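So that you can see what the record holds, here are the features copied from TrEMBL:
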type     : residues : note
DOMAIN   : 25-145   : domain 'Amidase'
ACT_SITE : Lys76    : active site, charge relay system
REGION   : 146-166  : region 'Disordered'
DOMAIN   : 167-486  : domain 'Amidase'
ACT_SITE : Ser171   : active site, charge relay system
ACT_SITE : Ser195   : active site, acyl-ester intermediate
Amino acid sequence: MLGQTLREVSAALKQGQITPTELCQKCLSLIKKTKFLNAYITVSEEVALKQAEESEKRYKNGQSLGDLDGIPIAVKDNFSTSGIETTCASNMLKGYVPPYNATVVQKLLDQGALLMGKTNLDEFAMGSGSTDGVFGPVKNPWSYSKQYREKRKQNPHSESGDSDWLITGGSSGGSAAAVSAFTCYAALGSDTGGSTRNPAAHCGLVGFKPSYGLVSRHGLIPLVNSMDVPGILTRYVDDAAIVLGVLAGHDPKDSTTVPINKPLVLSSLEDVSKLCIGIPKEYLVPELSSEIQCLWSRAADLFESEGAKVIEVSLPHTSYSIVCYHVLCTSEVASNMARFDGLQYGHRCDIDVSTEAMYAATRREGFNDVVRGRILSGNFFLLKENYENYFVKAQKVRRLIANDFVNAFNSGVDVLLTPTTLSEAVPYLEFIKEDNRTRSAQDDIFTQAVNMAGLPAVNIPIALSNQGLPIGLQFIGRAFCDQQLLTVAKWFEKQVQFPVIQLQELVDNCSAILENEKLASVSLKQ
């Protein structure tokens, strides 16, 4: 049951094959057994069970609210949740309980979804590994998969048990791990420069970033207002489309949202021959692993063999996107983080010498080095003497990058096909050798430009690497052509038949960790 699609589980609930409470308990049990993954910051067990009870009553009365009624979901801990702590994985917001739900959270709850908990992330979503939050790093479930364990060449575990587990990618790594480990069917992430697609690629999931303005940002604690988009993590494209159908639409609380004219419903793509797939030549960078390059080429060949037109396109300003993104991102971060001053909510230090001293000490104690570093960079770029040379120029480059995409689509291209990440997931100890800025620049190289242009994009897992780890490719669509993008992605998903993660061997291969954590065995067999 836990490995089925949303529609299949919804049908089983309607037919009485399983109750929402039973399904909720299965997921809660698995959350406890996979606690060592550190996917969740807060597990809302009582809330979820109460929601399941209400869902059960609706099913008994034949009043199901839809496909999400009784379905366990998780939410990244930078979305406001009424009555449930929202921390952004930061000391600054430890203990903060919002008085309202983010619009996307409320929409899911209104459809009867069960909130299993709040997931881990990089502090204030500033990172690409989900390793920099105050609650510790998130471990990739594929670290413990049968596929990886059988193919890896080193010893199963060092004495400490910490030598070879893999990162999830970030910053929505907790949401990705939660879905990948079967503790929920869908999870909300946020995507500012690839933070949903990056962990989706490393965890073998569908990671969808909608068009900017299609889904409300109200209640998403902002990182970069002009680029933030609520993202969707699921195991199947159709599941992501179902969630998008619930979330999309105008929100009077978010002036950037637009109304949708008709429901978002995916149809099967029977004739691929009418498609034109664009391959951006600038994305073939030297750092790209040969394995991903090969799979990218094979994916293009697959479309061509089915009659689609595959052409090379140019996005000439791609090389400037990383620097441009850094300037714009840190500038907006500096502005957004100014609200955390210790006066209104969140952490407040004990120093009372002066307001200025309290303010400075609060931010020093509340923010980690990554956040403080981005605030300093952003304030530098926004200084009166630097504003024209940095921020204004970056905005002009952003327009050029957006126009590159417009020109590519105007040339007849329907969808762009690119890598999502440079490589498969890497071990934690290897990942932390680089600083946060370097890691973010490297890992989000193929995803940042999409956010600057406001386009929809989705990661689709395509195959396992030679090490038995997921590799994903990214599809990029025209603005507000999310339905067409997901339709193409669904066809591609059907062709590649990505394997399901096999965690049945978890206990045998990871007994040391389980003994240390005093956790029960995990079995996904139903």
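All positions are counted from 1 along the displayed chain.
Glycine is no exception: its Cβ is also placed from the backbone N, Cα and C atoms.
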- Message: Within its own chain, what residues at least 6 apart in sequence put their Cβ under 8 Å from the Cβ of Ser171 (active site, charge relay system), listed in sequence order?
- Response: Leu121, Asp122, Ala125, Met126, Gly127, Ser128, Ser130, Gly189, Ser190, Ser195, Pro199
- Message: I want to check the contact list for Lys76 (active site, charge relay system): same chain, sequence separation of six or more, C-beta distance under 8 angstroms. What comes out?
- Response: Lys118, Thr119, Leu121, Ala125, Ser172, Gly174, Ser175, Ala187, Leu188, Gly189, Ser190
- Message: For a quick check of packing: other C-beta atoms within 10 Å of the C-beta of Ser195 (active site, acyl-ester intermediate), how many?
- Response: 37
- Query: How many of the residues that make up the domain 'Amidase' (25-145) does DSSP mark as helix, as strand and as coil?
  - Reply: 46 helix, 19 strand, 56 coil
- Average model confidence [pLDDT] within the domain 'Amidase' (167-486): 96
